[in-house]
Amino acid sequence: MWLVVLVIYSAWISPLQFAFLTYKKDVLFLVDNIVNGFFAIDLVLTFFVAYLDSQSCLLVDNPKKIAIRYISTWFVFDVSSTAPFQPLSLLFREQSSELGFKLLNMLRLWRLRRVSSLFARLEKDIRFNYFWTRCTKLVSVTLFAVHCAGCFNYLIADRYPDPTRTWIGAVNPNFKEDSLWNRYVTSMYWSITTITTTGYGDLHAENPREMLFDIFYMLFNLGLTSYLIGNMTNLVVHWTSRTRNFRDMFRAASEFATRNQLPPRIQDQMLSHISLKFKTEGLKQQETVNGLPKAIRSSIAHYLFYPIVENTYLFQGVSHDFLFQLVSEMEAEYFSPRADVILQNESPSDLYVLVSGSVVSPSFKPLTL
């Protein structure tokens, strides 16, 4: 979790340094090297972290196998993203060398895979709401795209030979003398108006380099917008699917009753049962239980139903072994008020143990538990 915080810092500072800042020995230089130190420690510790084999689904804790797997997969990328390119750039004062080291320093963005893995785990963690976890991920992706595009577009303007023929220089010829805050806000303003397809027209490409970058950025925005809309649509549909299914079932039952001219009493029982099924869906998790091994199902049934059956008058004096076998076949069932449980003269195939509520016999004598 601590490394994820450092990854978020790296994702923000790397494009900012690439476009706006020059390398020098200051507080930011010290912070960057401390962050790199944490990732260097993590790189060493990864050689001692067990992994789950994708073929056998077994946990592999053999140090030799761990080392071989790590070196053959992510080791080179992790080393590249942790290498101290910033201190090395101070040894070379040429402008071209500094730009090259800045480009190499952008390899730190490889660390973002940790954030992707974190979101993948959070989406499977039932302690966190899936909808808001997914929304947070989508917002994070959008903000990162806006941040990177703004920084890259400013870099193009900053490196262009004629500052007045740039997207920012056309409105502010002395933009290089402006404060870092003003330049950064202007870049983010351009990026957001472009990604949202607003395009006020006050900031636009002035030279072929910027035009080419804008073309690729707008094409990227098409894919990103499709990705965001598709994910948000799936989230909203998934969020409302349960209620929609209930309404469809309720409407179908109403149409069936009307088409067949069922008596009002039977109609009320049908609709009441559907409503009760919708309300108690979280309580009747029989499908979930049926997917479990038999031993676990028996343990659940014993915990839920054994105390009830044990205190039932009908089973007083019955052996515990028989009761244990009996509760393994029991299921919880809910009935709406005034619903028929067993009809008169019907041959019953089920045995009901009343836990809560009351029933009325055909002779209209109330039977309560």
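These residue numbers are counts, starting from 1, taken along the chain as shown.
Using the three backbone atoms N, Cα and C, a Cβ is placed for every residue, glycine included.
All annotation found in TrEMBL is predicted automatically rather than curated by experts.
Summarising the annotation, TrEMBL assigns transmembrane segment to 34-52 (among others).
Under the heading transmembrane segment, TrEMBL lists 138-157 (among others).
Residues of the same chain lying 6 or more positions beyond the ends of the transmembrane segment (215-237) and with a Cβ under 8 Å from any Cβ of it are 131, 134-135, 138, 141-142, 145, 149, 153, 194-195, 197. Sequence annotations record features per position, and here TrEMBL assigns transmembrane segment to 215-237 (among others).
Under the heading domain 'Cyclic nucleotide-binding', TrEMBL lists 314-359.
Residue counts for the domain 'Cyclic nucleotide-binding' (314-359) under DSSP, helix first, then strand, then coil, are 10 helix, 2 strand, 34 coil.
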